[in-house]
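Q: In case it's useful when we look at the structure, here is the feature table from Swiss-Prot:
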{"type": "DOMAIN", "residues": "14-249", "note": "domain 'ABC transporter 1'"}
{"type": "BINDING", "residues": "G46, E47, N48, G49, A50, G51, K52, S53", "note": "ATP binding site"}
{"type": "DOMAIN", "residues": "260-506", "note": "domain 'ABC transporter 2'"}
Amino acid sequence: MTTQIPNQDSEILLTMTNVCKSFPGVKALDNANLTVRSHSVHALMGENGAGKSTLLKCLFGIYSKDEGDILFLGKPVNFKTSKEALENGISMVHQELNLVKQCTVMDNLWLGRYPLKAGFVDHGKMYRDTKAIFEELDIDIDPKEKVAKLSVSQMQMIEIAKAFSYNAKIVIMDEPTSSLSEKEVEHLFKIIAKLKQRGCGIIYISHKMDEIFKICDEITILRDGKWINTVAVKGTTMDQIVSMMVGRELTQRFPPKTNTPKETILTVENLTALNQPSIQDVSFELRKGEVLGIAGLVGAKRTDIVETIFGVRERKSGVIKLHDKEMKNRNAFEAINNGFALVTEERRSTGIYANLSIEFNSLISNMKSYISKLGLLSNTKMKSDTQWVIDSMNVKTPSHKTNIGSLSGGNQQKVVIGRWLLTQPEILMLDEPTRGIDIGAKYEIYQLIMELAKKDKGIIMISSEMPELLGVTDRILVMSNGKVAGIVNTAETSQEEILQLAAKYL
């Protein structure tokens with residue numbers, strides 16, 4: 001494919017040329033390039049570990065580049081700190097929101113640069129300026145509200161407003177829709193359109209292809225730290241982008257279904273959670289070797305089902321049976337001992353210990369099995385089990401002692417799944433297992449799910465991605481406002497039928 005650069009008449013705001021960055025044993029960037037124009041949304045794409053975040057951290061002053069040139073507004077720059085980048089017109093909306101939750105919205109917006117009057121903070125001006133920005137961006141939040149009381153999407157709006165307040169020319173957005181509802185995503189896109197109209201260049205990182213093709217003008221693809229291509233969205237297909245990202249053609253998005261569901265292994269009858277609003281009278285069966293999907297709109301209480309089964313959400317009534325034997329599952333420890341495992345939705349906050357090793361993260365759910373009768377840890381067994389996780393899950397890592405936080409999202413998720421497999425579960429529950437994972441790593445997770453189903457595991461998979469549910473599962477349970485709206489055979493259903501069921505009890 002020939003390189004296409006659209007909008008030749010647009011002003012070039014940023015040029016990064018032949019940027020290199022190495023860490024011990026790893027060349028993270030190898031002559032990477034990026035050109036961003038005014039009035040445009042520029043997608044930066046690549047598999048996890050391709051160098052996207054490293055490139056932007058070199059721009060934003062978090063990392064110092066080893067080689068290469070950065071031109072911003074026609075002048076060479078080499079920002080030493082993120083504060084310097086901000087003050088010069090480059091802003092970043094992080095995936096993990098950097099807000100002080102104990103402070104008010106307006107305090108967060110003007111932190112470190114409060115307006116002063118006679119040597120004191122001018123709260124009136126701060127309020128008025130915040131209100132003016134919010135009105136321009138259609139943000140309906142009280143500037144005096146404590147950040148701790150806001151939703152994730154509202155916090156994200158504050159981060160964007162902060163970029164706006166700095167009069168940023170370049171706004172970097174890293175997976176901005178990962179925790180947003182469909183309505184919130186639409187609001188975000190309207191704000192992006194306003195920033196674009198204002199003359200900003202937006203650098204947009206996302207694994208969601210539909211978003212890229214909806215709001216972006218150009219795409220730069222990185223692979224293994226190298227620049228692969230920059231293309232116009234118009235005239236480029238999804239398959240071409242995927243091929244450039246992974247270095248090969250992905251002929252199928254999903255592996256073939258080679259599992260055979262057998263007899264019923266799990267029965268859930270009239271399950272109701274204690275603290276409402278939550279799930280009410282949820283009933284279903286799961287068979288050995290079956291992948292049961294759970295679909296529903298945001299707020300449908302899909303996660304509440306697996307949390308109640310796993311004992312981390314208290315049960316008011318209902319019965320859970322494994323092999324026709326009733327399971328109390330009063331807490332997670334009891335559930336684990338009974339053969340249940342839960343891979344949680346928010347990998348970064350509840351799934352991994354980012355600053356600890358792969359070994360620790362692999363073994364933490366099964367630590368009791370490494371303690372001898374004398375109370376000593378068996379280092380040999382710990383090392384062999386960690387190696388089993390790395391090998392069987394195909395985790396790409398230099399060492400079992402590597403901090404898990406330094407791995408890509410896909411490799412982190414493989415470690416989490418491997419950790420649970422060490423407990424030898426019969427029921428594996430996966431909540432948004434491919435969220436924030438690139439398309440190549442997603443395929444590996446799908447293959448893993450299929451292999452586990454072939455080994456007669458009962459698998460429950462919650463997903464907000466409809467193609468994923470239709471491509472991986474055998475049946476789909478559809479939730480609507482805490483109730484089961486229907487259970488459909490995947491091979492016989494459609495996206496339209498699932499969406500109709502999802503709206504049944506609204």
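Yeah, the Cβs are placed from backbone N, Cα and C, and that goes for glycine too.
Note that the coordinates shown come from a computational prediction; the quantities given were computed from them, not determined experimentally.
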Q: Sequence gap of 6 or more, C-beta under 8 Å: which same-chain residues meet both conditions with respect to G51 (ATP binding site)?
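A: In sequence order, K21, A28, L29, D30, A32, L222, D224, G225, K226 meet the Cβ cut-off.
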Q: Only counting partners 6 or more residues apart, tell me which same-chain residues put their Cβ under 8 Å from the Cβ of G46 (ATP binding site).
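A: The answer is K52, I221, L222, R223, I228, M245, D438.
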Q: Which three-state DSSP class does S53 (ATP binding site) fall into?
A: helix
Q: Around A50 (ATP binding site), how many other C-beta atoms are within 10 angstroms of its C-beta?
A: 26
Q: List the residues of the same chain that sit at least 6 positions away from E47 (ATP binding site) in sequence and have their Cβ under 8 Å from its Cβ, in sequence order, or write 'none'.
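A: Expected: R223, M245, V246, S408, G410, D438, I439, G440, A441.
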Q: If I restrict to non-local contacts, at least six residues apart, and a C-beta distance under 8 angstroms, what lies near G49 (ATP binding site) in its own chain?
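A: Listed in sequence order, they are D224, K396, S408, N411.
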